Amino acid sequence: MGFDHERGKRALGLERSPTKGWVVLGLLAALVALTGGASRFDAIQIIPLRTLSALFFIPALFYISATKARDERTLLVLFACFASLVVIQLLPLPPELWHELPGRSEIFRLDAALGLEDVWRPLTMTPTRTWNVLGSLVVPAAGLLLSVAYSASTLTLLRLIAALGVLNATLSLLQIIAGSASPLYLYALTNRGGAVGVFANENHAAFFAACSMLVVAILGIRVRQLPGRTWESLAYPFAFFLIAIASLTGGSRAGFAASLGAIVISALMLIWSPGARRGHSAARSDTSWLDQHPRLILAFPVIFIGVVAGAFIALDRTPAFRDILASDSFADLRWSIWPVMAEMLGAHWVLGTGFGSFEQVYQIHEPAKLLMPQYVNQAHNDWAQLIIEGGLFAALILTTLLVWMAKAVIALSARRQTRVLAIFWISIFAILGLSSIIDYPLRTPLFQLVSIWLLLGLSRDLRDMKAT
């Protein structure tokens with residue numbers, strides 16, 4: 001007779017997720033924060049990152065159940081489809097078939113010259129890089145399975161993201177104070193002298209700050225309706241202020257714009273949010289006062305930050321704003337490679353070149369006029385790069401995810417009580433989507449983990465709404 005896994009857990013009294021599951025999730029968040037802020041495949045930090053992240057599969061697989069997985073089946077299936085697509089790209093193909101694939105003519109001529117016509121090759125044009133992408137999935141997979149296994153609530157996931165935002169902001173400010181020689185920079189290849197926080201790229205740190213401000217704002221709005229949360233009601237305004245100040249000192253133009261947008265959206269969410277829940281008595285007079293004036297408590301940091309931002313700009317203390325006003329602010333390399341990107345899309349949109357292959361494939365298409373000391377290792381447009389590397393099937397997976405997200409947000413916006421939540425979800429995913437047009441934040445493990453948690457949070461909010 002086979003062993004019944006679910007019955008065995010019930011016999012041990014472990015059929016329920018532990019109440020302190022957030023501690024394990026916090027450990028994963030801390031690990032990824034300290035080692036997962038770089039997008040490069042050769043960053044030395046990926047060795048401890050992936051090795052230690054794999055250990056989190058142990059509690060995830062132990063506590064997960066069919067019921068929990070069924071609740072998040074859409075996200076689990078989509079993630080499994082993406083992982084399967086990466087695996088398929090690594091399967092060897094007969095040479096007759098491989099040579100007929102689009103965009104392989106140059107490699108075919110090299111094979112013919114070297115007598116390698118009969119070599120079986122995988123679909124990807126850079127197998128080593130694609131293997132690296134497959135290995136990188138251990139981090140978001142651990143975050144997804146662990147959150148499902150512990151039935152982490154939206155509040156828990158958002159609190160973890162807010163804590164990461166505070167850590168990123170604190171480290172950014174300390175880096176600015178200590179200067180470019182500071183040992184607080186976590187990566188060898190980074191924007192030294194800038195506010196990169198836990199990341200290697202200043203743009204990514206700025207985008208993360210913008211997302212963090214929205215998370216802190218919605219947490220402040222949500223917890224004010226819960227009894228006995230006085231300390232949280234006071235902590236979130238200070239966290240919002242800290243993150244906003246750090247974002248203003250950065251040199252990222254796009255991140256600066258995203259942060260200003262996050263401040264404005266936070267103010268709008270505050271204005272449109274429902275009043276504090278009535279009916280629970282306060283244990284102390286200060287709690288009662290907070291319950292009676294929730295908007296005032298949350299509005300103070302938003303108004304104050306607006307004044308500070310205006311002062312920073314007026315006193316020319318915002319490097320990013322100076323760059324926006326510069327005459328050559330958009331005359332950089334990412335706009336020059338658009339014609340090359342269009343050519344690559346036209347050649348590889350069907351099957352793709354293989355995940356992680358962009359840098360090498362770009363060199364095949366790179367015109368002589370763009371040869372320069374700077375090199376292109378990413379497309380700086382993740383929407384286009386996803387199709388170039390993953391082809392039509394990757395676009396189909398992305399489209400399915402976007403349709404699911406749109407349906408969830410529309411459902412939340414249909415009810416007055418959850419309309420502010422819909423504004424939050426639209427705004428934070430808009431920041432991620434727009435930032436991916438000009439950069440590649442989602443190629444960092446930390447952003448991948450946070451994105452997984454945001455998607456789970458959206459799913460939980462939708463399910464909670466349907467249950468009421």
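Quick reminder: no glycine exception, Cβ is built from N, Cα and C everywhere.
Just so it is clear, the model here is predicted, and its values are computed rather than measured.
Features of the protein shown, as given by TrEMBL:
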- 21-38: transmembrane segment (TRANSMEM)
- 44-63: transmembrane segment (TRANSMEM)
- 75-93: transmembrane segment (TRANSMEM)
- 130-150: transmembrane segment (TRANSMEM)
- 157-185: transmembrane segment (TRANSMEM)
- 205-221: transmembrane segment (TRANSMEM)
- 233-250: transmembrane segment (TRANSMEM)
- 238-398: domain 'O-antigen ligase-related' (DOMAIN)
- 256-275: transmembrane segment (TRANSMEM)
- 296-315: transmembrane segment (TRANSMEM)
- 383-406: transmembrane segment (TRANSMEM)
- 418-438: transmembrane segment (TRANSMEM)
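Of the Cβ pairs linking the transmembrane segment (75-93) with the transmembrane segment (418-438) and spaced 6 or more residues apart, fewer than 3 are under 8 Å, so the two regions do not touch. Across the candidate stretches 44-63, 205-221, 233-250, 383-406, 418-438, the maximum count of CB pairs under 8 A to the transmembrane segment (130-150) is reached by 44-63. Same-chain neighbours of the transmembrane segment (205-221): 155, 158-159, 161-162, 164-166, 168-169, 172, 195-199, 232-233, 236-237, 239-240, 243-244, 246-247, 250, 252, 254-256, 258-259, 261-263, 265-266, 269-270, 273, 297-298, 302, 320, 420-421, 424, 427-428, 431-432, 435, 439, 441, 446-447, 450, counting only residues six or more beyond its ends whose CB sits under 8 Å from a CB of the stretch. Here the transmembrane segment (383-406) has long-range neighbours at 74, 78, 81-82, 85, 341, 344-345, 348-358, 361, 425, 429, 433, 436-437, 440, 455, 458, meaning same-chain residues at least 6 beyond its ends whose C-beta is under 8 angstroms from one of its own. Looking just at the domain 'O-antigen ligase-related' (238-398), the mean pLDDT is 76.
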